[in-house]
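Peer 1: Handing you this structure, nothing more for now.
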Amino acid sequence: MDLTAFLVAVLLSACLQAANGLLLPANKFIDIALPSYDYIIVGGGVAGLVVANRLTENQNVTVLVLEAGDLDPAPDLITVPGLVGHGFIPSQNWNITTAPQASLDNRTRDYGQGHVVGGGSILNGLVMTRGAKHDYDAWRTLGNPGWSWHGMLHYFKKSENFSTCVTPEDRRRLYIRPHMKVHGKKGPLQVGYPRFFYNSSKNFLEGVSELGIPILHDINAGISAGASIAPATINDRNQSRADSRRAYLDSVLNRPNLHLATQQTVTRILFGAEVVDESSSLPVKGLKRIYGVEFATSADSPRKRVACNKEVILAAGAIISPALLQVSGIGPTPILEELGVPVQIDLPGVGQNLQDHGMVGAFYNYTRPGLFTANNLTGDILEEVEGQYFANRTGPLTHPLISTLAFASLRHLATNWKSLLSNISNSQPESYLPPGPGQHPTILKGYAQQHRLLTSLLSHPTVGALEVMADSIGTLTAAVQHPFSRGFVRALSADLFANGSVAPNILLDPRYCSHPFDCDILVRGLKLNNQLVKTKAMQQLIPQPSYPWDDSTAQNDTALLEAIHSKIQTEFHPAGSTSMLPLDLGGVVSPRLVVYGTSNLRVVDAGIIPLLPAAHIQAAVYAIAEKAGDMIKQDSTDREPNPNEGEATPPPPNPFTNGPPGLGPGIVQGPGVGGGFHGDHGHPH
C-alpha cells in the first residue's frame, strides 16, 4: 500500500462513524479498506450476514465480511418462486463434486453450494422447517448447554417476520393454521406462504392422512412427524424470494462500521503470539490467538492479509470451513502432515462427522385430464402467468417447487420398528466410520454417543425419520432425515487455489448409505410412496408410475435398493464437519462456538450442527447465527472493560503489520502461499 492509500485508510478509520458502509470492489480493496477490523467474518452467506448485521448494531464495532462470490443481480431465475429448481447460475455455485460413493454405485454426485453474497439462501428451495423439539434437545444431551429446543426457539422467532396472509378458503382446505406463539413478527427474514397452491396439494395431504400420518396445522411448533403445507422464505409483499442478503444486508449497508468485500477467497487463518493472561502477564497454556486472515481474488492474484482486533468468525459453510481450518494448521495431525502444513492445533474432529440428507426423487406422473400442474407453464399459458405475476404478484409463479411435504416417523414406516432399533443398538458403531482419521478414539466415542441418541430419537412418534416432498406433477421425493452414515471433508492441497480454483482441492465424501439403515429407510420410504398413490385421495390424480417406481418393483426390495443406489442425490444439507461437541467426543467448537485451542476463532455455520434435525436446515442456520451474534456480544462485554485497553491506548503491534504501531495492524499484500512473515507461525508450504 503506498503512503497516500495508507493515509486514506487511516482517515477512514478515524472518521468511521461519519462515513457510509462500504462495498469494497475486488480491485480496490487494498486502497480503501480499514487498517484493521474488530471482527472478520469469512463468508457472506446466511450465517455470515446474520452475524455481521447483529455485531454492527454496536456503532463502535467494525466488521469486515470477506465473500468469495459476488452480489447476485437478482435475475428472475433466483427471485421468482415458481422458477426455483430450474438450475443454478454457474458463477453462484462452488461446483463441488463428491468422491465416488463406494456404498452406492461408485459414481460421483454434483454438490451445489452457494458462491454468492447470500450463500445458500440464494439457491435453495425456500422451504422453512425447523424440525422436532427432540432434535434440538439431543444437541443439549451431547454436551451443549443452552442448545435445546427452548434455547433455540427464541432465535427462530428473532430471525423471522412471519406472515399468515392466506385466503380463508386456502386455510380451510389446506389445513394452514400456524401457532403464532412460536413465530416471530419483527425479524428481518420474511417467512410466509404463496398466493397460489396447486390442487394436488390437498390430495397429498389427505392421502397421507389416510395412511395414518397426521396433518399438522403448523410443522414448526416442535412436532415434525406429520404432513403440512410448509412455510417458505417468501416476501409476502411482492411474492419473491426472501434471502439473507435482502433480509440482513441490504437494509444496513449504510452502517459506517460494516464493510463487505466480494470476490475475496480466504486462503489461510493467521496465527499470532500466545494468549497472555491479563492478571499474571503469563502465557495461557494451550490457547492460540488468531490475528487475521490471508485472502486473494484469484489463484493468480497477490495474497493479501487483514488483521482483526477481536475475532475471526468462520461462516463459509460445512464444506469450505473445515478445509480452511486444515490448510491453516487446525485439524487431524495425519492430514496436516500429508498436506505439509505445520500443525498449529491437533484437532481430530475437523472435517469428520459430516452428515447429509440423501434423497431419491420418484416419479408417479399425475395424468388426470384437466389437472393444472407446473408442466402447463409453457407457451401462451406461461406468458399469461408471467403477466399475472409481474402485474400483481399472484398466480402459479408465486408457488415454489415444493410447499407440500410430510415427515414420517419410524412407526409410520415399520410395524417392527422396535426390533429395527434393537438391531441397530446391538451393532458396532465404529465399523461404519471411515478409516484413518475417522477412527480416532475421540471420533469413535462421539459417534457411539450419537448412535445411541439417534436410536432414541427414532423411537419418538413426533420425530421424522423420512421426508416426502411433493411437487405438482407427480414427483414424490423421499429423503432420509436422521442418517447414521458419516462422511468427511478434507483439503487435498495446502493451497486452496492450487490448479486455479478451490473446488478441485477439497475432497467431499458424504458416504451415503455407508450405514445400511439409511438405505433401508429409503426403501421403506419408496414403499410408502407406493401406498400413498393408491389412497383414495391420490387416485383422483390418476398417477401412472413407471419403472422403477411401478407396482411390481415396489414389492421388490432388491430392485428398489438398486434404484436408490443409482439415483440418490444430496438434499443440500451438509452439516457436522466442525461439530459442536465436547473435545473428548471429537468436537471442534465449544458451546460458545469457539474453536478448541484458540481464544478468538469461532465457527458459525451448519458445520457446527452435531446431529442433523429432520428439517430443511436454513431455519436452524439462521437461528444458530442469531444465537452466535448474542454470544459474541456477550463474550466481548464480559472481557471489558480492560484496564490495559481503551480508546486512548494504542493497540499492540501486530506480528504481520507493515503499519506504524500506534495506528493498528495494517492490511498488507503478502508474498503468496509460499512466503513467510514474522509472527505467522507457519512456514513456506
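A Cβ is built for glycine as well, from the same backbone N, Cα and C atoms used for every other residue.
Sharing the features that TrEMBL gives for it:
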type     : residues                                       : note
SIGNAL   : 1-21                                           : signal peptide
BINDING  : Val116, Asn124, Gly125, Leu126, Val127, Val266 : FAD binding site
DOMAIN   : 317-331                                        : domain 'Glucose-methanol-choline oxidoreductase N-terminal'
ACT_SITE : His573                                         : active site, proton donor
ACT_SITE : His616                                         : active site, proton acceptor
REGION   : 634-685                                        : region 'Disordered'
COMPBIAS : 664-677                                        : compositional bias 'Gly residues'
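Each of the listed features needs to be described in terms of its position in the shown structure.
Peer 2: Sequence-distant neighbours of Val127 (FAD binding site): residues of the same chain at least 6 apart with a C-beta under 8 Å from its C-beta are Ala230, Ala232, Pro400, Ile402, Ser403, Leu405, His616, Gln618.
Remark: secondary structure over the domain 'Glucose-methanol-choline oxidoreductase N-terminal' (317-331) totals 11 helix, 2 strand, 2 coil, with classes taken from DSSP.
Other C-beta atoms found within 10 angstroms of the C-beta of His573 (active site, proton donor) number 26, with every protein chain shown included.
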Peer 1: May I ask for the residues of the chain that lie six or more residues beyond the domain 'Glucose-methanol-choline oxidoreductase N-terminal' (317-331) and have a Cβ under 8 Å from a Cβ within it?
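Peer 2: For the domain 'Glucose-methanol-choline oxidoreductase N-terminal' (317-331), the list is 42-43, 45, 94, 96, 111, 113-114, 119-120, 266-271, 339, 341-348, 350-351, 354, 489-491, 493-496, 502, 505-506, 508, 574-578, 588, 595, 597-598, 603, 605-607, 609, 681-682.
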Peer 1: How many Å separate the Cα atoms of Gly125 (FAD binding site) and His573 (active site, proton donor)?
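Peer 2: Just about 12 Å between their Cα atoms.
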Peer 1: With every protein chain in view, how many other Cβ atoms are within 10 Å of the Cβ of Val116 (FAD binding site)?
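Peer 2: So the Cβ neighbour count for Val116 (FAD binding site) comes to 27.
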Peer 1: Cβ neighbours within 10 Å, counted over all protein chains: which one of the binding-site residues Leu126, Val266 has the most?
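Peer 2: The residue with the most neighbouring Cβ atoms within 10 Å is Val266.
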Peer 1: Take the C-alpha atoms of His573 (active site, proton donor) and Asn124 (FAD binding site) and report the distance between them in angstrom, rounded.
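Peer 2: His573 (active site, proton donor) to Asn124 (FAD binding site), Cα-Cα distance: 10 Å.
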Peer 1: Sort out the sequence-distant neighbours of Asn124 (FAD binding site) for me: same chain, 6+ apart, CB within less than 8 Å of its CB, listed by position.
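Peer 2: Expected: Thr233, Phe572, His616, Gln618.
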Peer 1: Averaging the per-residue pLDDT over the domain 'Glucose-methanol-choline oxidoreductase N-terminal' (317-331), what integer do you get?
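Peer 2: Taking every residue in the domain 'Glucose-methanol-choline oxidoreductase N-terminal' (317-331) and averaging pLDDT yields 98.
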